[in-house]
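Q: Below, the features straight out of Swiss-Prot:
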type: ACT_SITE; residues: 92; note: active site, proton acceptor
type: DOMAIN; residues: 98-341; note: domain 'Radical SAM core'
type: DISULFID; residues: 105-346; note: disulfide bond
type: BINDING; residues: 112, 116, 119; note: [4Fe-4S] cluster binding site
type: BINDING; residues: 166, 167, 198, 220, 221, 222, 303; note: S-adenosyl-L-methionine binding site
type: ACT_SITE; residues: 346; note: active site, S-methylcysteine intermediate
type: REGION; residues: 374-394; note: region 'Disordered'
């Protein structure tokens, strides 16, 4: 009989497993704490469990971590791990330290089928979904390794963002139990406000998440019009912007925050003009297709990679774009790039993927031909003073 990997179970599933062993629910709670709060994988070391239970577990269960293929530490303290998930696939996980928090960026798939043109993961194609245990194992490894390295028993990771490799909402069956493990007070005890699911816009699953486990939501918007977003985020052809914004409004009815974060990767000459900033203001404002959408805009400097055919907007252009949004009444932040010296910044995670979607071949086609920005607009943007928008990290 194959041993059950206990990292696959949320507390309810672990309780059901313990009942199959003839044990009561409180034993599952004890076991859950040992695994997730103390990082213990050896049942023999779980001293407050009955010896009979430890013997049962030794024959029928295991806490199976992911094998670490590599670890890189950036000059700014960012840490990137490459984990082997079998079948020739590897996924990446990134820890971003800050003075007031520690954020872990977790992958949900080996590769990604969405194929956003500015994302290195999308250019790698898609192999498979990760299991709940493979998602949780990234947090388990990072939290307990960082504690050991820092010589502390206090929690190191305060925030989790599902912004690594993959589209989380296209792996919902594995994502949901993983979120419950993160939020459980007997597990990692994270606040719903501090766990963020980022999606390219899988509308039906946004509604499911609202019903099942509403956490903070970030939406990869990246364009103010369907015509442009169809090319940058191909999923838009199935779920256009108006449908996506309606789903965001519904989500806010149950969300732990009173706004949606819209992520907007700044691409030189593609989506960064003054006119497009004004279109974005209109899109989420009272006169937009679904009325006002309470939101924060997070502008993300593009992290170039050769296959994209795209380049990063200038600092001045980003500042000018941000200032127009701020002047229009939108809370706007500019993400500060972290870990780019180890390819751990936003959009750079690629891992190693056995592509089943032929994405690498499809991505070789030329990017969409975008009309150049008016030269006068270009000069004004490049000469613009620093905006008042704030900086954020991932």
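Any Cβ shown, glycine's included, is placed from N, Cα and C.
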Q: Could you tell me which of these binding-site residues, 198, 220, has the fewest other Cβ atoms within 10 Å of its Cβ?
A: 198
Q: What is the separation, in Å, between the Cα atoms of residue 167 (S-adenosyl-L-methionine binding site) and residue 116 ([4Fe-4S] cluster binding site)?
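A: Rounded to the nearest whole number, the Cα-Cα distance is 11 Å.
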Q: So, three-state DSSP: helix, strand or coil for residue 105 (disulfide bond)?
A: strand
Q: Could you say which of the binding-site residues 112, 116 has its Cβ with the most other Cβ atoms inside 10 Å?
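A: Neighbour-count leader: 112.
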Q: For the domain 'Radical SAM core' (98-341), what's the mean pLDDT in this predicted model?
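A: The predicted confidence over the domain 'Radical SAM core' (98-341), as a mean pLDDT, is 95.
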Q: In whole Å, note down how far the CA of residue 116 ([4Fe-4S] cluster binding site) lies from the CA of residue 222 (S-adenosyl-L-methionine binding site).
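A: Each residue's Cα considered, residue 222 (S-adenosyl-L-methionine binding site) and residue 116 ([4Fe-4S] cluster binding site) end up 10 Å apart.
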Q: Roughly how wide, in whole Å, is the group 166, 167, 198, 220, 221, 222, 303 that binds S-adenosyl-L-methionine, by largest Cα to Cα distance?
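A: Comparing all Cα pairs, the maximum is 19 Å.
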Q: CB neighbours of residue 167 (S-adenosyl-L-methionine binding site) within 10 A?
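A: So the Cβ neighbour count for residue 167 (S-adenosyl-L-methionine binding site) comes to 27.
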